[in-house]
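All remarks here apply to the structure that follows.
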Amino acid sequence: QIDPKDYTFSGLKNETVGRLPGKVAGQQFVIQDCENCSIYIFDHSATITIDDCVNCQIFLGPIKGSVFFRDCKDCKCIVACQQFRTRDCRKLEVFLCCATQPIIESSTGMKFGCFQYYYPELALQFKDAGLSIFNNTWSNIHDFTPVSGENNWGLLPETVVVQDYVPLPSSEELKAVRISTDATKSIIPITRGRRQKSSEESCLAVFFAGDYTTANARKLIDEMTGKGFQLVQTKEVLMKAEDAHRVFQQHASEFIPLLEKGPVVALEFNGDGAVEGCQSTINEVFSGTKVFVSESKASASQDVDNFYNFADMQMGM
């Protein structure tokens, strides 16, 4: 028998509380009426609601469904979820991984950054919650109640340090979780999202389903960012033959047989020389792997548009 008290933090003040990996195991969780607290859910859950919290630091591991913040203010959060919503909130700063378009409603002073976090159990928790580490629309916010002439939300500066917002837990019990907030270790690839691109030149690289797809995509991200290129966005999505024709154009026939194995992982890199840099890295590092990569600077921006327009329709964005 499940006791709701095991899945609730309510009415706490000036406390550090949390749940260790394995302790929530896909249940719903409720956080309400907490003040000046540090709250850590190091596990996956079904849904989480956060109501009437003030001046709290909150970490929420992968949420299979929705997370809903209501009537909260001055909170700093790290959140991974399928759906993100706020209503009647003021001044939330959120490092977000969200599979669908995040929605704010009647909320002001909202700031968003890209989810950045690692502990050993986190990758499996993402899988258990049915979330892909490559589907993250953290910066594509929809404001349900815009006010003309005012902006209710913005992006956190790129130079932010996650631990300055949500510090590592201080309690003995929670210190057992081996956390890193180092960008290079983050389970979620750090993307630029909607920030201004630094160059006119982008490049699309697409990996096909197989045993090493995630590892290969991560390797290419490391190689390219190591060379100074920027990762703009990532996506994991199923494709059909007709989609391949639209996205891969004259090369579709060589990739269509690979689509039956499962979803593709697409990466957009930006920077002067991105196409050449990506092609040479793929030839050197992934010589035995079939990868689609933009052919030329001229066709690359069209490749990116073709793929992400298709992916957005697939994801119902």
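Backbone N, Cα and C atoms are what each Cβ position is placed from, and that goes for glycine too.
Going by TrEMBL, these are the annotated features:
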BINDING   Gly65, Ser66, Gln82, Gln83, Phe84, Arg85  GTP binding site
DOMAIN    1-146  domain 'C-CAP/cofactor C-like'
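A map of TrEMBL features onto the structure.
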residue : record           : Cβ neighbours (10 Å)
Gly65   : GTP binding site : 15
Ser66   : GTP binding site : 17
Gln82   : GTP binding site : 18
Gln83   : GTP binding site : 17
Phe84   : GTP binding site : 27
Arg85   : GTP binding site : 20
| message | Around the GTP site formed by Gly65, Ser66, Gln82, Gln83, Phe84, Arg85, list the extra residues of the same chain whose Cβ is within 8 Å of the site's Cβ centroid. | response | Thr47, Ile63, Val67, Phe68, Cys81, Cys98, Thr100
| With DSSP helix as H/G/I and strand as E/B, how many residues of the domain 'C-CAP/cofactor C-like' (1-146) fall in helix, strand and coil? | 11 helix, 73 strand, 62 coil
